[in-house]
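Chemist: Among the features that TrEMBL reports, substrate binding site is placed at HIS150, THR151, LYS298, ASN307, ARG316. Taken from TrEMBL, the feature divalent metal cation binding site applies to HIS190, HIS235, HIS290.
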Amino acid sequence: MSATSFKRRPGVRPAIAVTVGEPAGIGPEISLRAAWARRHEVNCVLLGDAAFLAMTAADIDPAIRISSLSLMAVRNGGLPHFGADRISVIDVPLSAHVVPGQLNKENGRAVLATLDAAIEGVRAGWFEAVVTAPLQKSTINDAGVKFSGHTEYFADQTATSQVVMMLAGPQALSGELSGKQLRVALATTHLPLKDVAAALSQDGLARILDIIDADLRAKFGLTAPRILVCGLNPHAGEGGYLGREEIELITPAIAAAQARGIDARGPYPADTLFQPKYLQDADCVLAMYHDQGLPVLKYATFGNGVNITLGLPLIRTSVDHGTALDLAAQGLGRADCGSMEQAISAALAMANNSLDNKK
Ligand SMILES: NC(=O)C1=CN([C@@H]2O[C@H](COP(=O)(O)OP(=O)(O)OC[C@H]3O[C@@H](n4cnc5c(N)ncnc54)[C@H](O)[C@@H]3O)[C@@H](O)[C@H]2O)C=CC1
Ligand SMILES: NCC(=O)COP(=O)(O)O
């Protein structure tokens with residue numbers, strides 16, 4: 001997508017907030033590399049410690065120019081629209097020196113502050129969307145803030161009662177899928193496996209199906225999305241002999257969604273659903289829990305997938321991987337920024353589709 005193809009302000013590069021994530025991980029590097037690679041199409045404004053990012057940028061490529069802005073200056077004067085010869089950084093200072101690969105809880109709250117600044121910036125109209133680099137969930141908790149993920153944090157901060165995590169692969173996993181994009185949404189996100197069954201409810205599943213259907217239409221431009229729903233238990237419960245959630249919760253939620261005009265089908269046994277003959281007719285698979293759906297998606301597309309939060313009043317995408325502390329510890333140049341670039345492209349495409357839908 002080129003700047004001129006962005007529909008809100010034709011000819012002006014759209015601005016997107018990129019939170020750089022855990023400073024000891026690969027987030028700062030992939031944010032800088034992706035922002036620089038895509039600078040002619042999109043103004044990726046990085047939210048993070050400006051001095052640290054300038055130092056990292058100089059080590060990546062001395063040609064990268066950084067312009068540091070204070071949050072207060074942007075609040076007072078708006079976001080300056082520099083040319084594509086530099087990357088803008090809104091300074092959100094860290095508290096402690098960064099040692100790549102080594103977590104430091106002293107920096108946990110500064111990472112959260114970048115998310116707050118991104119949300120503020122979307123509300124203020126500075127940004128079309130937010131793209132988040134990976135953070136270390138445990139470090140935020142170690143810093144004394146209960147935190148289970150961006151997904152839940154963005155929901156809380158925007159007072160959204162239900163959101164849905166969906167990961168999408170790039171086009172076509174293989175020739176057999178003939179151009180279909182694999183998308184996997186999750187009915188539950190970051191919680192212990194032992195708590196998953198209790199977290200499912202008929203009403204909750206019905207709302208999740210509504211959100212997937214609505215966002216695939218509004219933000220992905222699909223006119224009649226088809227959603228295939230996994231069972232929770234082996235063999236989708238084997239007629240009730242291996243669990244009753246399919247009979248008591250999932251099937252009624254699908255029937256209710258169908259009655260509202262949503263093309264939801266299932267529940268299907270999760271172990272056999274992810275094969276081309278089913279996926280080629282599906283726009284999204286709804287998995288019941290994190291490790292039911294994501295290993296399949298990541299096996300197929302790791303490093304090029306995008307994590308999208310559906311149901312939010314703003315557009316938020318992210319990478320399909322974590323902080324990769326092992327790579328960060330080895331120095332710059334090891335991390336692949338393919339998923340970060342995909343996340344930026346997906347955010348722009350979703351922003352454009354949303355504009356179309358508002359007309
Ligand atoms: N959106 C986010 O903020 C996410 C954050 N995380 C967090 O990341 C932390 C570490 O998670 P892990 O399970 O270890 O997964 P991970 O994705 O960080 O690492 C798994 C493996 O993939 C490799 N890898 C990851 N990203 C790569 C890239 N861009 N290029 C090349 N290789 C790459 C790593 O070197 C490692 O071998 C956890 O705290 C988790 O909460 C995990 C997923 C998403
Ligand atoms: N496995 C996906 C993941 O952990 C991403 O979480 P979030 O921080 O995007 O909510």
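Our numbering is plain: 1 for the first residue shown, then up by one each step along the chain.
Using the three backbone atoms N, Cα and C, a Cβ is placed for every residue, glycine included.
Any TrEMBL annotation is an automated prediction that lacks curation.
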Chemist: Whole-number Å only: compute the distance from the Cα of LYS298 (substrate binding site) to the Cα of HIS190 (divalent metal cation binding site).
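Modeler: Here the two Cα atoms lie 17 Å apart.
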Chemist: Which secondary structure state does DSSP assign to HIS150 (substrate binding site), in the simple three-class scheme?
Modeler: helix
Chemist: Based on a Cβ-to-ligand 2 distance below 6 Å, what subset of the binding-site residues HIS150, THR151, HIS235, ASN307 would you report?
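Modeler: HIS150, THR151, ASN307, by Cβ distance under 6 Å.
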Chemist: Including all protein chains shown, what's the count of other C-beta atoms within 10 A of the C-beta of ARG316 (substrate binding site)?
Modeler: 27
Chemist: Near THR151 (substrate binding site), meaning Cα within 10 Å, which of HIS190, HIS235, HIS290 (binding-site residues)?
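Modeler: Checking each Cα against THR151 (substrate binding site), the hits are HIS190.
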Chemist: Just name the winner among HIS150, HIS235, HIS290, LYS298 (the binding-site residues) by count of other CB atoms within 10 A of its CB.
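Modeler: Of the binding-site residues HIS150, HIS235, HIS290, LYS298, the most buried by Cβ count within 10 Å is HIS150.
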Chemist: To the nearest whole angstrom, state the Cα distance for the pair HIS190 (divalent metal cation binding site) and ARG316 (substrate binding site).
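Modeler: Computed Cα spacing between HIS190 (divalent metal cation binding site) and ARG316 (substrate binding site) is 17 Å.
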Chemist: Would you mind listing, in sequence order, the residues at least six apart from ASN307 (substrate binding site) in the same chain with a Cβ closer than 8 Å to its Cβ?
Modeler: MET165, MET166, LEU167, THR317, SER318, VAL319, ASP320, ALA343
Chemist: What's the CA-CA gap between ARG316 (substrate binding site) and HIS235 (divalent metal cation binding site) in angstrom, rounded?
Modeler: 34
Chemist: How big is the gap, in Å, between the Cα of HIS290 (divalent metal cation binding site) and that of HIS150 (substrate binding site), rounded to a whole number?
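Modeler: HIS150 (substrate binding site) has its Cα 14 Å from the Cα of HIS290 (divalent metal cation binding site).
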Chemist: What is the interatomic distance between the Cα atoms of HIS235 (divalent metal cation binding site) and HIS150 (substrate binding site), given in whole Å?
Modeler: 32
Chemist: Which three-state DSSP class does HIS190 (divalent metal cation binding site) fall into?
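Modeler: In the DSSP reduction, HIS190 (divalent metal cation binding site) maps to coil.
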Chemist: Would you measure the largest Cα separation among HIS150, THR151, LYS298, ASN307, ARG316 for the substrate site and round it to whole Å?
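Modeler: So the maximum pairwise Cα distance among the substrate binders is 19 Å.
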Chemist: Can you count the other CB atoms that lie within 10 A of the CB of HIS190 (divalent metal cation binding site)?
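Modeler: Result for HIS190 (divalent metal cation binding site): 14 neighbouring Cβ atoms inside 10 Å.
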